[in-house]
Amino acid sequence: GNAFVVSLALADLVVALYPYPLVLLAIFHNGWTLGEMHCKVSGFVMGLSVIGSIFNITAIAINRYCYICHSFAYDKVYSCWNTMLYVSLIWVLTVIATVPNFFVGSLKYDPRIYSCTFVQTASSYYTIAVVVIHFIVPITVVSFCYLRIWVLVLQVRRRVKSETKPRLKPSDFRNFLTMFVVFVIFAFCWAPLNFIGLAVAINPSEMAPKVPEWLFIISYFMAYFNSCLNAIIYGLLNQNFRNEYKRILMSLWMPRLFFQDTSKGGTDGQKSKPSPALNNNDQMKTDTL
């Protein structure tokens, strides 16, 4: 399961390394100055990040659903080899979903948001396909998975104490809650832009002029800001991530002390802190009351 979280983090990180700095440069120069190639590449990378994020969030929801609701089959379905295969498939599908931008000419500079991005009016059919693939289908799948998990959680809480009846471990519930919040924040940040895109695609000539510029700008920057939120959510809801964040900050503030502690930990034996995992597949998935 952690492989999907790392993959999601990669999708969030890639926009911070390339497209976002170019957006800042465009704001500074009040226009795009880097040429068409950088424009198309940055728009393509942005698309990879966006679609890769929702595909990974969907994969995490399915993973949590199998882990909690079908625990007996989990280890077989999500073996190490299968998990790597699933992650690879996610990124292959992400590339397949993003490449058509080059053929429909939908990657252009938009001065309202100072970035090269997907133009919703370039192709109505492709815009509808993007909204369906990027938003509607994933939201439906993730909603089903988390609804089933919530039903199980409620059923477990209502059970009478018994040595034979399983219950969820608190750590499993916290991990599920963390990823559920990630999903809710994603849906909240991306819903306005997708609904605008769908409305414009259905009737471009009538709907495009009716969309207020302020609403379009706010919806775009809400979507952009989503990539920055996941790390904050992990830190707020997961103790292991908070510990690792503290270690990173300590290493930046007092690197000498940090490396001394690291060296000391290595000589004291196998006492290193656990990685900031969101789940632990080596533990039993059920427990008794």
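The backbone N, Cα and C atoms fix where each Cβ goes, glycine too.
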Topological domain name match (Swiss-Prot): Leu24 vs Arg247, membrane: no
DSSP-derived class (H/G/I helix, E/B strand, else coil) of Cys39 (disulfide bond): helix
Beyond the flanks of the transmembrane segment (214-234) by 6 or more, those residues with Cβ under 8 Å of it: 8-9, 11-12, 15-16, 20, 23, 49-50, 53, 112-113, 117, 178, 181-182, 185-186, 188-190, 192-193, 196, 241, 276, 278
Those disulfide-bonded residues listed as Cys39, Cys116, and which of them has the most Cβ atoms within 10 Å of its own Cβ: Cys116
Interface-richest range of 3-23, 127-147, 180-200 toward the transmembrane segment (82-102), CB pairs under 8 Å: 3-23
Reported mean pLDDT - the topological domain 'Cytoplasmic' (235-289): 56
Same-chain residue ranges lying at least 6 outside the topological domain 'Extracellular' (24-41) that approach it to Cβ under 8 Å: 18, 102, 107-109, 111, 114-116
